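Each remark here refers to the structure printed beneath this line.
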Amino acid sequence: MEVQQPPSFARVWIPDAEEVWKSAELTKNYKHGDSTLHLTLEDGLDIEHKLDDKTKNLPHLRNPDILVGENDLTALSYLHEPAVLHNLKVRFTDSKLIYTYCGIVLVAINPYENLPIYGSDIINAYSGQNMGDMDPHIFAVAEEAYKQMARDERNQSIIVSGESGAGKTVSAKYAMRYFATVSGAATEANVEEKVLASNPIMEAIGNAKTTRNDNSSRFGKYIEIGFDKRYRIIGANMRTYLLEKSRVVFQADEERNYHIFYQLCASSHLPEFKNLKLGSADDFHCTNQGRNPVIDGVDDAKEMCTTQHAFSLLGINELNQKGLFQVLAAILHLGNVEIKDRDSDSSIIPANNRHLTVFCELMGVTYQDMSHWLCHKKLKTAQETYIKPIPRLQASNARDALAKHIYAKVFNWIVDHVNKSLRATVKQHSFIGVLDIYGFETFEINSFEQFCINYANEKLQQQFNMHVFKLEQEEYLKEQIPWTLIDFYDNQPCINLIEAKMGVLDLLDEECKMPKGSDDSWAQKLYNTHLKTCSLFEKPRMSNKAFIIQHFADKVQYQCDGFLEKNKDTVNEEQINVLKASKLDLLVELFQDGEKVTSPTGTAPGGRTRLSVKPKEIRPGASSKEHKKTVGCQFRNSLAMLMETLNATTPHYVRCIKPNDLKFPFTFDPKRAVQQLRACGVLETIRISAAGFPSRWTYQEFFSRYRVLMKQKDVLSDRRLTCRNVLEKLVQDQDKYQFGKTKIFFRAGQVAYLEKLRADKLRKACVRIQKTIRCWLVRKKYLRKKHAAITIQRYTRGHQARCLVKYMRQTLAAITIQKFQRMCVQRKLYLQKQAAALVMQTILRAYMARQKYQGLLRNHKAVFIQKHVRGWLARQRYKRSLRAIVYLQCCIRRMKAKKELKKLKIEARSVEHFKKLNVGMENKIMQLQRKLDEQAKDNRVTSERLNCLETSHAVESEKLKVEVSKLKGIEEEAKNNANRVTSLLEELERLRKELTTTQKEKKTIEDWATKYRDEMEKMVAELKQQNGLLKTDKDDLNRMIKEQSQQMTEKMTRALAEETQQLESDLNEERSRYQNLLTEHLRLEERYDDLKEEITLSVSVPKPGHRRTDSTHSSNGSECTYNSEFAESEESSRHGEVSGDVTRGMDTSLTLKLQKRVTELEQEKSSLRNELENKEEQFQRARDDEEHKKSRGAELEYESLKRQELDSENKKLKHDLTAMRQSLLGNAGAGAGAPGSPPYKVLMDQLNSSCEELEVRKEEVLILRSQLVSQKEAMQHKETMTEPVHYAEDVHKMKDSGAITQAYLGLKETNRSPTADFHRLNEDGELWLVYEGLKETNRLLEGQMQQQRRSYDNEVEVLRGELQSVKEENNRQQQLLAQNLQLPPEARIEASLQHEITRLTNENLDLMEQLEKQDKTIRKLKKQLKVFSKKIGEMGAGQVETISPGQMVEETVRPVNIPRREKDFQGMLEYKKEDELKLVKNLILELKPRGVAVNLIPGLPAYILFMCLRHADYVNDDQKVRTLLTSTINSIKKILKKRGDDFETVSFWLSNTCRFLHCLKQYSGDESFMKHNTPKQNDHCLSNFDLAEYRQVLSDLAIQIYQQLIKCMENILQPMIVSGMLEHETIQGVSGVKPTGLRKRTSSIADEGTYTLETILRQLSAFHSTMCQHGTDPELIKQVRVRVCVCVCVHVSDPVCVHTRLRDRCETPQLLMDTKIIYPVTFPFNPSSLALETIQIPGSLNLAFLTRV
């Protein structure tokens, strides 16, 4: 039963440690002053939430469900952290959408999966569209930046930020790809390809694998893409920031070095990399520290090819590439150089170190110098210079510093050359910058790199605050429009703590200048300076070498170790000098570039490092001072320049979010997400954007843009007044805009509305111009074509006439020549054939005469032999048949005599007993007995005839078998004799030849013995040679055979694939044709129903008064209705099977069918009129009989006696049933009642008849007793006399034992004094009530007799069919025997064997089928026995012992509470036959999807119907199964016909019909459908009926519902599509560039009377959600979605769809697709995992009459 839902309260968000925020619902109203809230979580747990004692702040409220999933966070009603987090989670996990707007910020969540949303078609879709018109996307942000650059002529910036692994690099890459695709290049240098080619190079040298990201950017970059005046790409420039050089020499676990090193190692086997002497990445210390050198799904060798191609595309020649690879390989070898201790203060490199040798060879330097300066350093004083050895640890650090320095030089060199290649050759007009920089980072151990990264994010966050918050509000104040200041978080104090005077960086630089500066002393200075003066600076409790800074995102603890060393970034001067003396030109160029003075605002300031020693020729002064800047100072200067650049451009923000740390696709971790949301200022953006005016125009810009919407009289000299007047007319709500001093400010969506008005007006003007021009062009074209066609026709007709005359002349001459030539040829041929025919006839006639004579002679001899053999065979066959017939007659007569004797005994006993107990019923019993005797006699005669036929058939079969065996023996003997004669003749001939040969050889053997020996030797040699040749030929043949077999295999494979494809296409065509015919059949059925209703309305004329029809007539009528409906369903299914052969004769066949249907309707009309007249006569006759029978009150005593006789007869039948049950059990124990044996059948027949008779008698007794109770009530309440209908209803209500006892007492009281109370009873209507009961009893008996007669007729029909089949088999055998006797002996034997094999095979198959049927019958009978045993046990237990009336009155029966044992439900529902109409009415006809069905589990009506069907199958009631299925199908058709235009109704019943069909398949017992079933579900399979035909009917019904669903969707979408698309698309060349002020957002309520793209999308989403809610199969939803997309493409005439249509069509002249075409639909099998026994029926369905079994 369905639990009633409590009243709904407010839903709130409460904090949670695991999920950050949890949803809860109030269970008790909150009152002011309450300290706790009573809440219920979504999992049903009740909790109490305590409010803060100080603030008393209430929890955040939840948004309505309709707002969940909005594509712009500013559209939410409640703007707070849990709402934003929940909306992002729903879009990301449920809808698989990774982009969401947050005002001017695009939030991008990394899906960790490749999505098909970045193709060229997507780019074309976003090109030219406004930012709010389509779904959020990185392409929308790029298009917005490109559009603003073109319109406002202002430089743009796209700032992409986020944590490592959040997808920043990928987002920046897609933004650059968008610019390269939509803008193109101004020259033929393919600049856009070069811009995209820079990505793989920078990823190779600047990206690495970390624990959070497989392709993490370890540097920041700002790419400026330059455009000319036509806004085409002309070049690009790249700036880099803070390369992570420490990764070159150290990597943590599960991390990698930069990709370029692994690409070199993976390509070391190539010839061009052999001289680098590289190997596996595991062999080098710089690449094996992470212990995971492989990235899943990445081929480093293939990536190396991509990198080389990118180098070539950017103009770096092969020589420079080779030099770069040498330097990078040298870094790997340098990392493997091992330095050992010489003593405690010095170190040494062993001589001939292999890796150092390779390093020197690759770098072109001397081994001695490099090995010396790796272990020594030079100290300079004012007057002297010292060379001092260094310990091993310092030497290792110096080696690592040199490797990092070399890699930084290579990185800067590559960046410079990339910039040179991308530099513009013409003057740059504007640019768009893409900033891909590291996000806020916090780890367990944070060092100098994390400090610089977080410092940069503080600056970017300040810029974001200035742009979004401060500048936004100041703009409103400056324009003097009403605005309220909003407080926001300003991180300027944190920036001052880092970069101000005596800040962290200033103290760090000061400590680096100190001679003995250290990290500890620097930490102490920080504590002394900022610990008490700055609240954002803290000191850890347990450490003196760390400090904490409160950043805008979170607190971060930095470890001071290594800060000074990383800030200095020193390299040994002598090592640099050794490298400068290299023979490698590229290496010299690298360090020459290092000597050039570069300002911090140069090309790549962030990647430059400082040398700790001065170059030899460096000049003192400003340049030297600039060169001494620390890394922190350089980074601060480059960051300041970046801020200046960003402030000079219009920024666009992309915030990348990392959903989880495990890189699982579409997995959302709320903790990680909320940390990043708090760090990127999303919530403040929402608040400001929703409350402000995001769109603004100057008065002149607004006037220029929307001049089209103004009339001439509206244009005034004052632009401000003009704009005010126009806006007041166009926008009625004045709150949607504000007028400032110089600008007009608009709310969100208002610019979109103005753009729509402008586009509509321009579109109308364009349509008028196009109409006129197209008319003129078409008319000119038509006149030219007409003139050309007339000229061509004139010349063509003249040429054809001349050709015709010439042809006629040539034809006449040719005919004359052919006539004489053919005559001559034919005469010669005739004479030759005549001579040849005469010769052939002479020879042939002589041959035929000889053959005829020999044939006559053979036939004469064969006839003589056959005469004697057949006589002997006939005599033997006659004797055997005679003996078998006599024996069989004896057995049959004995068995019949026994049966007759037993039946006579039973009849005698039953008749005598009935005579003693039922004197009044003797005549009726005798009549029934006589009818039963006649039926039994007919059954015996039929069985005797069947036995005789079986006997004759067996005898005939035995004769044929004997004859076949004899013929086989004769054949074998003849074959043996023939073989023996042949072998003897061959032996004699062979002996003669051997004798002659021996005599000849005896004379000559001595002469040629020697010669023979020589010849044999030669022959052996030749044979050996031939053997070798044969072996060679054999090998060649084998090879050719293999090749041919391989070719044949491939050919067969291709042919099989083509044939499979052809079969699939044929199957789809047949399915489509079949479904078209189903549609036509449905239309005809609807037409037929309409005609039938019209005829019914025209015939059935209402008459005054109330008519009551007989109950038997109504039941028969309903049964006929069900049968007719089933016949119609079968006819429709058969029509569906045959419909595959119907191709093009549709019109003719349809006309004939309609004519036939009209004829049938006319016949039915006449039959309905006759039936109406008969019903009127029957009603009049029944009314007369009723008046006559009311006067029969004197028969009360006779009727009471009859009731007593019926009671005694009921007891007797129960006694007989018990005895029969015991005898059945006894016979089963003795083995005589085995299934299939005659005693078993007899007992089963008696058991069935007894059970049926028992049920009839029981119903009669219940009816009589219920009538007695009604009589007693009538005696007590004389004035409230009820109608007979009420008493008839009480019959079915008396099922309690107490009611029956009360009825019995009432009967006794009535019979005590019949004479005295006669008049009283008669006036109370007792006699009439008794008469009604007797009439009901007679009606039941007549129904029983009719049922028995129908069963007898069915048995007779079956026996007649079997008799006819036996006759046909006998005739066939006789024909075969006659044919065999006419054949020759050899052919006869062969034909007999073939016939015998065929017969035995057929008999074997028949026996196997019979065996299967018997097995099924045995299982069915066993189940019936169990059911009958259970019923008999219940009846026996339910019987009440006979007691006297006095005892029954005196004793009071106390009600006893019997505890009910919990049932193990079997997943079935039991219902009565009379409740079937109620079941169909409540479950199908009156069920509304929008009401009760919304809260149901998907497919619940289908499950309930199937559970009812299972019970009917379980009790083996075929009539119940048939009527339930038929009424279900017809009811579904009826509800669809009534409410076919309601999408929810059609979708609901499509889902339930498919589910019902799947249940029939899943529980059908077919192994192909039982693969996914559980053992419990396999036990629930249908056991008695095969419903394959009904599955076909249901499949056809599902196809019809699907087509009606598509039609319903098309009717809804058709008025929306064209107007919505026209509303969405712009006219090329008219609208120009759309303004950036347009900020359309998805709204939950569309404008009335207008259709937009959002309206269509919402309608499609509603379709999808409705079908998903109804539980429609996903595959079916996919087919519906494809069909709807085709419909949309057809109506819109989408160029892509039309292009595809033109490409696919072959010869059809149709350009666009046919909207009326019906695509074939399939219903793949989708089994349900839901257990039937667990299904609960809600009380709202009103199905209380169903009982769970």
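Backbone N, Cα and C atoms are what each Cβ position is placed from, and that goes for glycine too.
Copied over from TrEMBL:
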{"type": "BINDING", "residues": "Gly162, Glu163, Ser164, Gly165, Ala166, Gly167, Lys168, Thr169", "note": "ATP binding site"}
{"type": "COILED", "residues": "911-1094", "note": "coiled coil"}
{"type": "COILED", "residues": "1331-1431", "note": "coiled coil"}
{"type": "COMPBIAS", "residues": "1112-1126", "note": "compositional bias 'Polar residues'"}
{"type": "DOMAIN", "residues": "7-59", "note": "domain 'Myosin N-terminal SH3-like'"}
{"type": "DOMAIN", "residues": "68-759", "note": "domain 'Myosin motor'"}
{"type": "DOMAIN", "residues": "1526-1749", "note": "domain 'Dilute'"}
{"type": "REGION", "residues": "639-661", "note": "region 'Actin-binding'"}
{"type": "REGION", "residues": "1101-1147", "note": "region 'Disordered'"}
{"type": "REGION", "residues": "1161-1197", "note": "region 'Disordered'"}
Exercise. Mind checking which of Gly162, Gly165, Gly167 has the fewest other CB atoms within 10 A of its CB? They're the binding-site residues.
Key: Gly165
Quiz item: What number of additional C-beta atoms lies within 10 angstroms of the C-beta atom of Ala166 (ATP binding site)?
Solution: 24
Quiz item: Taking each of the binding-site residues Ser164, Thr169 in turn and counting other Cβ atoms within 10 Å of its Cβ, which one has the fewest?
Solution: Ser164
Practice problem: Using the centroid of the Cβ atoms of Gly162, Glu163, Ser164, Gly165, Ala166, Gly167, Lys168, Thr169 as reference, list every other same-chain residue with Cβ within 8 Å of it (recorded ATP site), in sequence order. | Solution: Asn110, Asn213, Ser216, Gly439, Cys656, Lys658
Quiz prompt | Within the region 'Actin-binding' (639-661), residues counted as helix, strand or coil by DSSP | solution = 9 helix, 8 strand, 6 coil
Self-check item: CB within-chain contacts under 8 A for Lys168 (ATP binding site), separation at least 6
Solution: Val160, Ser161, Gly162, Ser217, Asp436, Ile437, Gly439, Cys656
Self-check item: Sequence-remote partners of the region 'Actin-binding' (639-661) [C-beta within less than 8 Å, at least six residues beyond its ends]
Solution: 88, 92, 102, 104-112, 138, 141, 144-145, 148, 152, 154-168, 171, 175, 212, 222, 239, 241, 433, 435, 439, 455-456, 459, 463-464, 466-467, 600-601, 605, 667-669, 672-673, 676-677, 680, 682
Quiz prompt | Residues near Glu163 (ATP binding site) in space but at least six apart in sequence (CB under 8 A) | solution = Arg212, Gly439, Phe440, Glu441, Cys656, Lys658, Gln676
Exercise. On the DSSP side of things, how many residues of the domain 'Myosin N-terminal SH3-like' (7-59) fall into helix, strand and coil, could you say?
Key: 0 helix, 24 strand, 29 coil
